[in-house]
Amino acid sequence: MGGTPCKGSANTNKPITIAILGLDNAGKTTTTRVLEKAPVDSVTPTVGYSQTEITHKNERIKLIDLGGAKTFREAWRHYYDDAYGFVYVLDSSEENRLGENRDVLKKLLQEEKVKGKPILILANKQDKADALDKNTILEDLKIERLVNENQTLCRVELCTAKSLSRNGKNSKIDESIRHGFDWLIKVVYEHFDTLNRRVEQDVQNRTEVEQKSKRERQERVKKLREERDKEEGTQDNNDEDHDTIKNGFIPIEHAVKNAEVRSTAAPTTVDGEK
């Protein structure tokens, strides 16, 4: 297929969202900077998430860099609805975390909002002496079985995310990131109509759930306020009666009412009786 396929007619020129995930310190933010064609000399780990927009072959792409800390991974699912594809970055020099990567990747690919969407796996930090080779990564992560079970198109690239060289060109190994990203975006375009329908439906469902939750929250707040106002009104009446007795001051309207009550209750005197 020559060039970049056009997006479907239903598109409203919104950027395509790609989520970038992986364990902490895998190199996700550095990878994002490489895709931005920006230097990465002073990159700090992402806390929570960050997003940026790039232009890829005249198309707008939104990159969402999701923090990989264990305490934040449960929040990843909030970003699956919008994503047309995923980039999973792993540190190929950390053999002791392969099991953790396998578990996280398995859980990711089994998510209903992820199944069937293309994913690029970047085995980063290949410049380190103890970096694992491609076959070891494929076997230990059980990539083939995972993608087949979840009907997910997948590509694995060995890479080293680096800063730009002095002449402004990326090093050769960084081209692996670009080649992999080219593949990912190409697959998204080839399946755009199907993916776009999924994304729009998932986003609509999420919006409806959020609106329903908002209405229910507003109703609860309204009810609590009404109950509080009712209790405060009752308390005000009780306080008023208490203050009347305590202070010995009786408003004129209360005095008149009390006099009428006493007059009605007073015994009747008969003439001639003593």
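Placed from the backbone N, Cα and C atoms, the Cβ positions cover glycine too.
Note: TrEMBL annotation is automatic and uncurated.
The GTP binding site annotation in TrEMBL covers Gly22, Leu23, Asp24, Asn25, Ala26, Gly27, Lys28, Thr29, Gly68, Asn124, Lys125, Gln126, Asp127. Marked as Mg(2+) binding site by TrEMBL: Thr29, Thr46. According to TrEMBL, the compositional bias 'Basic and acidic residues' annotation covers 203-233. Taken from TrEMBL, the feature region 'Disordered' covers 203-274.
Features recorded in TrEMBL, as mapped to the structure shown.
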| residue | record | Cβ contacts under 8 Å, 6 or more apart |
| --- | --- | --- |
| Gly22 | GTP binding site | Lys28, Gly68, Tyr88, Val89, Leu90, Asn101 |
| Asp24 | GTP binding site | Pro45, Gly67, Gly68, Ala69, Lys70 |
| Ala26 | GTP binding site | Gly68, Val89, Leu90, Asp91, Asn124 |
| Thr29 | Mg(2+) binding site | Val40, Val43, Thr44, Pro45, Thr46, Ser50, Asp65 |
| Lys125 | GTP binding site | Gly27, Asp91, Ser92, Ser93, Ala131, Thr160, Ala161 |
Write out how many residues of the compositional bias 'Basic and acidic residues' (203-233) are helix, how many strand and how many coil, based on DSSP.
31 helix, 0 strand, 0 coil
Mind computing the max CA-CA distance among Gly22, Leu23, Asp24, Asn25, Ala26, Gly27, Lys28, Thr29, Gly68, Asn124, Lys125, Gln126, Asp127, which the record assigns to GTP binding, rounded to whole Å?
22
Tell me, by DSSP, whether Gly22 (GTP binding site) is helix, strand or coil?
strand
Thr46 (Mg(2+) binding site) has how many other Cβ neighbours within 10 Å of its own Cβ?
18
